[in-house]
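Engineer: The domain 'SPX' annotation in TrEMBL covers 1-251. Summarising the annotation, TrEMBL assigns region 'Disordered' to 40-90, 145-176. Taken from TrEMBL, the feature compositional bias 'Low complexity' applies to 45-65. Annotation source TrEMBL lists transmembrane segment at 310-328, 340-370, 390-410, 422-443, 479-497, 509-525, 570-592, 613-632.
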Amino acid sequence: MKFAKYLAENSVPEWRSRYVNYRQLKKSIKKVVAARDKAKRAKDSSAQSSQEESLQSLEGSTESLVVQRDGSRLHSRATTNESHQPKDDENLVLMLEEAQLAPEEVRFFQQLDRELRKADAFFLGKEQDASRRLEDLRRQCIIMEQRQTRTDRRHSDTENDSGSDSPQEGPAPRSVQHDEIIADAPAAVEAENFTPVVKNPRSRLQKAFLEYYRLLELLKNFRIINQTSLTKILKKNEKAINWEITGVGSEIYLSRAKSLHLFTSNKVEDLIAETEALYTEVFAEGDRHSAMRKLRIPDLKAQSQGFTSWRTGLFVGLAIPAIALTLRKTFTGGIPDENVALILLIYGGFSIPIFFLFYYSMLLVIWARYHVNWVLVFELDPRDYLPPEGFSEVASILLFLFAYNMYFAMDDNIFPFIPLNWYPVMLLLLIIVILINPFNFFHRSSRKWFIRTLGRITFSGLFEVQFRDFFITDLLSSMTYMFVSMQILVCTTFHQFDRLADHCEFSHSWVVPFITAIPATWRLLQCLRRYYDNRLVHPHLTNAVKYCLSLSVVFISAAARINGSTVARVFWILSAIFASMYAYAWDVLYDWGLLQKNKYHKYLRKVIVYPPWLYMTSIGVNFLLRLSWVFLLSPNNWGVFNDARILIYVQALLELFRRFMWSIIRMENEHTNNIGKFRAVTEVPLPFRVKIIPHTEEMALEKRRRKVTKDDDESAEDKKN
């Protein structure tokens, strides 16, 4: 693997701009080579025009001949051995300054120096932040230990009050076992309130340790990659220039570079060792093996997914024949009767999320290909998350269950004793069981994350809104067809199959718009909650306007369909046009952050990850698909579908594809925001509020703490007596 590709694969995407720009330095080397070749050609041309004068000059000055080494530096062949082996770095620097470097080579070393110092300054700042963070974590451990000690004493006092005469034997309190934590504290601390800001402070603090350890690993990797970049680029420069005295320039610059903090500091390794020891003592009861298993991040990309991909192909291959046979049997005699059509509509609703799971696995592949850190954006655990192959497998299994459930429902000869309208119910129950089963198989951690997210979405407005909340709610807003079909499913469950059309036809019911409005209502509540949290009119209230317009379109459309009046239909068309244009502008300007004035990428934005054509194509496709509802104005005029319900299903699939295109850039835009903030790990708030005591008050605080401890012990002893 070429080093440039290795650098792209292993560097931290959010810190990419702070690495040594290896590609740009390679271009600078090419400029040096081009300048050397140009100078050489000019010299050869001059030599041919004055051959006799050149020969005479060469004969008279053989011993003082100065050879230009590859157009970059002149060096005398008659220099002494001391010139090749200078005594110290100052002589080397002086020799480089007196070497009459070509302008292109001077610019190369200047650029290399700027790049390296940029990386050095960034590394130093992050290292200092990491040191302060460890101090904060250590203080949190102290408070947690003190809190546990107080709790243990309360329990002990309660037991003594109940009549216990003999002292309890057992392990010492955790504060006694962990004296080294308090002893190593960087400063005196005092909890403002021993009641934590979260329900489970230990779990929150443990998560903070895991994210902090990941930060240290990234910093260590940052330093190693930049050191390797320097070595590689200097070797490439030597090879391209082909100096006769090899490596003199490289040695000169390398000696200067190695004095930078990036090369001399071992602070990160020390922080890693301290973190491992502290985590082992506090969270693993001294079991280092267990602690390291939780701290270290496995390389999930390197793990073989071949068998997972094989299973995906197997389930998809088995599902296709069942779907084909079902469609052939169902539509052989033309459009099925109304009862069967309702069942097919329900299955159409099931197909929407299954199709999007395949879309989503494609999204993960695209994001991984362009190093969009979706794991960080969703705040997933980098040690345990579902890779793209896992999503494909889940989608293929659901497709397999969906295909054969539908096939059994449409074929009366297989299980004739089961009513047709019960098959979709059985499929729904099976999916729910798979989703909520508590056993540790079939990606339990991912299922748990998804269920929690659905819970947060269901009660939108009651919780602080996270990116995953509104992102998945936006996905659900493109699956309104699924919500309507689930409403029909509930109805068909409580009626006989041969009378479904009489009871479950909702095309002229006001129930449909209320069901359809659920996702938009969730998003509206999320916008209002975000405004409540930070009081920003824009973008939160202006975004809420978009969902108010969407809700108005839903209910005006229902009024036009139920009443059939021309006025209502005109209002529906006008409101749909206005809502579509508002939503389209929001997609492009805010969700994607495009059409910004900048000198880097015209009509796009300063930082982009994908090729420019992808953004321009998405802008056009999103505009067309935002207007896909136009096909529903008069289905009889299109001459393609004999039933408007088929056209509605096709429009739902088009909306699903539009959301797929939207998601590609929406996630990338959030990723670029992290790039601008150099945010490479999840920022976990700490569970306890801490008051830092000035150094002059440390002894007084320690004295007061010891006095309180002594008084508590004496009080406990008095109660025993």
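Every residue, even glycine, has its Cβ placed from backbone N, Cα and C.
Because TrEMBL annotations are produced automatically, they should be read as predictions rather than curated entries.
Set these features in their place in the structure for me.
Structural biologist: Within the chain, the transmembrane segment (340-370) has long-range Cβ neighbours (under 8 A, six or more residues past its boundaries) at 301, 330, 387-389, 391-392, 394-395, 398-399, 402, 406, 409-410, 420-421, 423-424, 427-428, 475, 479, 481-486, 488-489, 492, 500-501, 504-505, 609-610, 643, 645, 649, 652-653, 656-657, 659-660, 663-664, 667-668.
Remote same-chain residues near the transmembrane segment (479-497) are listed as 339, 342-343, 345-346, 348-350, 352-353, 356, 419-422, 424-425, 428, 503-504, 506, 511-512, 515-516, 518-519, 648-649, 652, 656 (criterion: CB distance under 8 Å, separation of at least six residues from the stretch ends).
Remote same-chain residues near the transmembrane segment (570-592) are listed as 539, 543, 545-546, 549-550, 552-553, 556-557, 559-560, 615, 618-619, 622-623, 626-627, 629, 633, 662, 665-666, 669 (criterion: CB distance under 8 Å, separation of at least six residues from the stretch ends).
Remote same-chain partners of the transmembrane segment (613-632), defined as residues 6 or more beyond its termini with a Cβ less than 8 Å from a stretch Cβ, comprise 576, 580, 583-584, 587-588, 592, 594, 603-604, 638, 644, 647-648, 650-651, 654-655, 657-658, 661-662, 664-665.
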Engineer: In terms of Cβ proximity under 8 Å, which residues at least six beyond the ends of the transmembrane segment (310-328) contact it?
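Structural biologist: Distal contacts: 389, 392-393, 395-397, 399-400, 402-404, 406-407, 410-411.
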Engineer: Mean pLDDT across the domain 'SPX' (1-251), rounded to an integer, is what?
Structural biologist: 69
